[in-house]
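> Below you'll find the structure I mean.
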Amino acid sequence: MIPPFGMGLWDSLVGNEVKKFIKRKDSDAGEAGRALEELRGSIYNDLRTSEGAKRQQQRFCGPVVAMSFNFIVSVGIILANKLIMGRVGFKFPIFLTLIHYVTAWLLLAIFKSLSILPVAPPSRTTPFTSLFSLGAVMAFASGLANTSLKHNSVGFYQMAKIAVTPTIVFTEFILFRKTISFNKVLALAVVSAGVAVATVTDLEFNLFGALIAIAWIVPSAVNKILWSNLQQQGNWTALALMWKTTPVTIFFLLALMPWLDPPGVLLFKWDFSNSTAILTSAVLGFLLQWSGALALGATSATSHVVLGQFKTCVILLGGYLIFNSDPGFVSICGAVAALCGMSVYTSLNLKKPQDSTSKQLPKQSLPTSKPKATDGESVETEVEDTATVV
């Protein structure tokens, strides 16, 4: 028992300890709050400059994240578009693409009003003609892809997709003198042949559909090259580039609609269920465009096509293993061969930067009396590719 004369001393000691504890907690909470505020301020400031926004995109959306994001959204929009074109009976592919891009532009406008849309680089760094060209090419690539899918058999549509790969390689050589190794050419040839064997089961010929498919190949290839080049050569982020080019794409889709869509869009049954399905497809279209832009910015146009072919093979083999579908022995062998080619292609892309790093390490460890100038090596990391953007 504490004596009466010690009560005051005891209360004083306890009170001091409690005050110290509370001050320490307040100090810890204040430091945590300041750290959180500094982090938030740093991210906000990064979004205010094109260089900072580009660093944030590279930090949080590397090749693996971007490819995985694009792959998941691609599967979702395939199911959504099958529902809309089939069960819902919406037979207006250009107008559906237009809905996708209008929805994307409205979402980007909301981002901009909330000050979370990354800042674009200064206009002097990227000519308006480059942005205008990308917007126009994107309209043709996306609109013609959906129109081709409507008027062609699945086999003919897949053949057109396979032709995009050599078109990209040829176009990059013409525009940028970019070459790829012989081993990569062999790997891409195996991938294309495997996908052809796995998916091209019916080649029903339709003159109008064939013309649409042929007209789609070049815009699709150029679209991917421009998306990849503008992000990698400049300080463009995916969202900032979408904000600048989407109005141009909408304009050209409006011009294409009377020529490629059948009449009667206003007579369509716009009830709640049909409108909800189309709106869901539009949101997925925005996510697909964003994820595709992220993937193209993180890798290359050729790799983006390979990712699309990987998606095709995974869907085919997944249906066989999970849902007991029977695509046939030849199709399964083609899909397996394509996956093997993709594995070789990916390993070649990963091996190049590793070899470059191993060559540079000994040079850093050796002391030198004079700084010697060395020729810079450009290291390109290609990992993936997908077909259309909407």
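Placement of Cβ uses the backbone N, Cα and C atoms for every residue, glycine included.
Note that this is a predicted model, so its numbers are computed, not measured.
Reproduced below are the annotations present in TrEMBL:
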- 60-80: transmembrane segment (TRANSMEM)
- 70-345: domain 'Sugar phosphate transporter' (DOMAIN)
- 92-111: transmembrane segment (TRANSMEM)
- 131-149: transmembrane segment (TRANSMEM)
- 155-175: transmembrane segment (TRANSMEM)
- 207-226: transmembrane segment (TRANSMEM)
- 238-257: transmembrane segment (TRANSMEM)
- 277-298: transmembrane segment (TRANSMEM)
- 305-323: transmembrane segment (TRANSMEM)
- 329-350: transmembrane segment (TRANSMEM)
- 353-368: compositional bias 'Polar residues' (COMPBIAS)
- 353-390: region 'Disordered' (REGION)
- 377-390: compositional bias 'Acidic residues' (COMPBIAS)
> Counting only pairs at least 6 apart in sequence, do the transmembrane segment (277-298) and the transmembrane segment (131-149) share 3+ Cβ pairs under 8 Å?
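With fewer than 3 qualifying Cβ pairs, these stretches do not touch.
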> Report the mean pLDDT of the predicted model across the domain 'Sugar phosphate transporter' (70-345), rounded to a whole number.
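The average pLDDT of the model in the domain 'Sugar phosphate transporter' (70-345) works out to 86.
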> Look at every Cβ pair spanning the transmembrane segment (305-323) and the transmembrane segment (60-80), keep those 6 or more apart in sequence, and say whether at least 3 of them are under 8 Å.
yes
> Pairs of Cβ atoms less than 8 Å apart decide it: which stretch in 60-80, 92-111, 155-175, 238-257, 329-350 has the most with the transmembrane segment (207-226)?
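Result: 155-175.
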> Among 60-80, 131-149, 155-175, 329-350, which stretch has the most Cβ pairs under 8 Å to the transmembrane segment (238-257)?
131-149
> Are there residues at least six beyond either end of the transmembrane segment (329-350) with Cβ under 8 Å to its Cβ atoms? List them, or say none.
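For the transmembrane segment (329-350), the far contacts come to 181, 183-184, 187-191, 193-199, 201, 303, 306, 309-310, 313, 316-317, 320, 381-383.
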> Among 60-80, 131-149, 155-175, point out the range having the most Cβ pairs under 8 angstroms from the transmembrane segment (92-111).
131-149
